[in-house]
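Enquirer: Attaching a single structure in structure tokens format; questions to follow.
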């Protein structure tokens, strides 16, 4: 009984960090972007809220690491920040939004009746997604990266430090030099350590068991949003799209270096989250910006948070996010013949550019 109690408790704590809080944070984006439809609101809130939480971790952790502060201090400041932002969001939503589900949405949902194939495809897609989330939760995958990343997380939690212990010898060392300088500019392991400190879950268990379960589901929520855009809101085709994508992921595990292996087995690593979450989210935001045409550039605002989030996760995120933003900004500016639009998108890449310059300056 005690074992089941610990499992449920850990699932609850992890769910608070990766479901409840991100959705709550994301409601601010829903209000700002004026997103319509209950399902679209919840999906966008979850995805954009998680990216915003990653961004807040990056903004907090880099100066804390450079200032040689402790993990406890970082967690305390992060908790204060989360509480303040949560209160601000609550005040804004109460004053300006009211309830999220409007009367019009309720009436619209009553009019629409789900067809048989829509229900079948929806159930099948949900079953395949939950199966993929359950596999890394139930089975443990270990590779050489555990010796680096999980070791850093364990040292941070046990010694109450931020990147001052050698992950191999556990000796005190000065981190802000050479190749390991990338861990300062992309402190994903310290973000995981903060989550472990808050939940009380051991870093290895958190990374290999509980976190992948939620992260895989979140990624598929994002893919569902992309499918909804591609198929013009057709729920049946979107569900079929998720089924096909699930089949590709499940049956494409031909080696440990395929996209499927990175997504299903190594999603706890920052570089895998960049590939499976950040880059698809960038494409989704680019589409929304493009469809806004000459109207408001509100959809460009999440790019600023996403730039910090990409930097937190991996050096690959620091490089690829600004490259994609730069290329899309150029194409968007040429297509719309609007320099302001192009600059607005390019400026969003500046955080990654700053971290890249800082990292390369020390090599």
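Each Cβ is built from the backbone N, Cα and C atoms, and glycine gets one as well.
So TrEMBL lists the following for this protein:
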TRANSMEM  12-33  transmembrane segment
TRANSMEM  45-65  transmembrane segment
TRANSMEM  77-94  transmembrane segment
TRANSMEM  115-135  transmembrane segment
TRANSMEM  213-233  transmembrane segment
TRANSMEM  239-265  transmembrane segment
TRANSMEM  272-291  transmembrane segment
TRANSMEM  303-331  transmembrane segment
TRANSMEM  343-361  transmembrane segment
Enquirer: Should anything in the same chain at least six residues away from the transmembrane segment (343-361) have a Cβ under 8 Å from its Cβ atoms, list it; otherwise answer none.
Expert: 62, 181-182, 184-186, 289, 297, 300, 303-304, 306-308, 310-311, 315, 317-319, 321-322, 325-326, 328-329, 332-333
Enquirer: Tell me if the transmembrane segment (45-65) touches the transmembrane segment (303-331). I count contact as 3 or more CB pairs below 8 A, with pairs 6 or more residues apart.
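Expert: Contact confirmed: at least 3 Cβ pairs fall under 8 Å.
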Enquirer: Honestly, do the transmembrane segment (12-33) and the transmembrane segment (213-233) touch, with at least three Cβ pairs under 8 Å and pairs 6 or more apart in sequence?
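Expert: Since 3 or more Cβ pairs under 8 Å link them, the transmembrane segment (12-33) and the transmembrane segment (213-233) do come into contact.
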Enquirer: May I ask whether the transmembrane segment (239-265) has at least three C-beta pairs under 8 Å with the transmembrane segment (115-135), counting pairs 6 or more apart in sequence?
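Expert: Output yes: the transmembrane segment (115-135) sits against the transmembrane segment (239-265).
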